[in-house]
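According to Swiss-Prot:
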type: COILED; residues: 60-134; note: coiled coil
type: REGION; residues: 65-108; note: region 'Disordered'
type: MOTIF; residues: 68-74; note: motif 'Nuclear localization signal'
type: COMPBIAS; residues: 75-97; note: compositional bias 'Basic and acidic residues'
type: MOD_RES; residues: T108; note: phosphothreonine
type: REGION; residues: 123-171; note: region 'Disordered'
type: MOD_RES; residues: S136; note: phosphoserine
type: MOD_RES; residues: S139; note: phosphoserine
type: COMPBIAS; residues: 145-154; note: compositional bias 'Acidic residues'
type: DOMAIN; residues: 168-259; note: domain 'CS'
type: REGION; residues: 174-332; note: region 'Interaction with EML4'
type: MOD_RES; residues: K240; note: N6-acetyllysine
type: MOD_RES; residues: S261; note: phosphoserine
type: MOD_RES; residues: S275; note: phosphoserine
type: MOD_RES; residues: S278; note: phosphoserine
type: MOD_RES; residues: S286; note: phosphoserine
type: MOD_RES; residues: S299; note: phosphoserine
type: MOD_RES; residues: S327; note: phosphoserine
Amino acid sequence: MGGEQEEERFDGMLLAMAQQHEGGVQELVNTFFSFLRRKTDFFIGGEEGMAEKLITQTFNHHNQLAQKARREKRARQETERREKAERAARLAKEAKAETPGPQIKELTDEEAERLQLEIDQKKDAEDQEAQLKNGSLDSPGKQDAEDEEDEEDEKDKGKLKPNLGNGADLPNYRWTQTLAELDLAVPFRVSFRLKGKDVVVDIQRRHLRVGLKGQPPVVDGELYNEVKVEESSWLIEDGKVVTVHLEKINKMEWWNRLVTSDPEINTKKINPENSKLSDLDSETRSMVEKMMYDQRQKSMGLPTSDEQKKQEILKKFMDQHPEMDFSKAKFN
């Protein structure tokens, strides 16, 4: 049987036919067999039973393909659900973990002296390493770069530094993100195990609400950008933490906040390596990798990938036309 392109050859025509059949697939199939009966010798042209045999074989072939596609789709969905659950569990565990309280231990004078000496030695070693790494003298180019960095820092003054998940740790909840998705963990200090009936989670295309029933919501505001509601989900972890998974519509941007009422994070300090490029489709992944490469090139004062292509084309053209004088030409 034909390949995928051959199969799709008549899709436009058949789709137009299907749209004119109000009775759906059953009416479309009836029309097709009516055509075979009236305009061809399909039913009577061959040996007895051949037409029925061909129909059965064709049906079985496409039924097997359909069942295989359904199994593969279910397997993909199950894998995605499992990965989301594992990711949500990790996020909930991090949100639930409490920093242990400081333990007070009385030191003797000798122990205190030794501890202070170790601290001083460690600090001196770090300072020396930093000096060796950076050099004792600042070059003019380095000074300009530092001035530019100071200027950028001034613009971003007051913004939060992203957490390890490229999101933010706020007083009442924690969120992390990749370019494609965002995960939120909201811990609740309750004396009982939470159930679905105890919480309110409302995920809309541009709005999110999370809280306990009968209580003011912990999260209630307009999202930074739109999400795919049908691909987003939530669950309760360990009976205490509500985790929400949001699928971004725009998979080429970092959110600087979860909802518009949140404090901003400094997206310039986001570490793209913490995001799983493997989670993205091939087209989006290649675009992200190109964006990251261009960003590194710009930071080093080197041409981007597009600029490199232009330079290669120009060089090739110049090599092909040695008779032309480009010495006075100006290129942008």
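Cβ from N, Cα, C; glycine included.
Using a 10 Å Cβ-Cβ cutoff, S261 (phosphoserine) registers 10 neighbours. Among residues of the same chain six or more beyond the compositional bias 'Basic and acidic residues' (75-97), those with a C-beta under 8 A of the stretch's C-beta atoms are 165, 173-174, 176, 183-187, 233, 235, 237-238, 240-241, 243, 245. On the 0 to 100 pLDDT scale, the domain 'CS' (168-259) averages 93 in this prediction. Using DSSP to sort the residues of the domain 'CS' (168-259) gives these counts of helix, strand and coil: 3 helix, 49 strand, 40 coil. Calculated from their C-alpha atoms, the gap between S261 (phosphoserine) and the residue listed as 'N6-acetyllysine' amounts to 24 Å.
In the three-state DSSP scheme, S261 (phosphoserine) falls into the coil class.
The helix, strand and coil residue counts that DSSP assigns across the compositional bias 'Basic and acidic residues' (75-97) are 22 helix, 0 strand, 1 coil.
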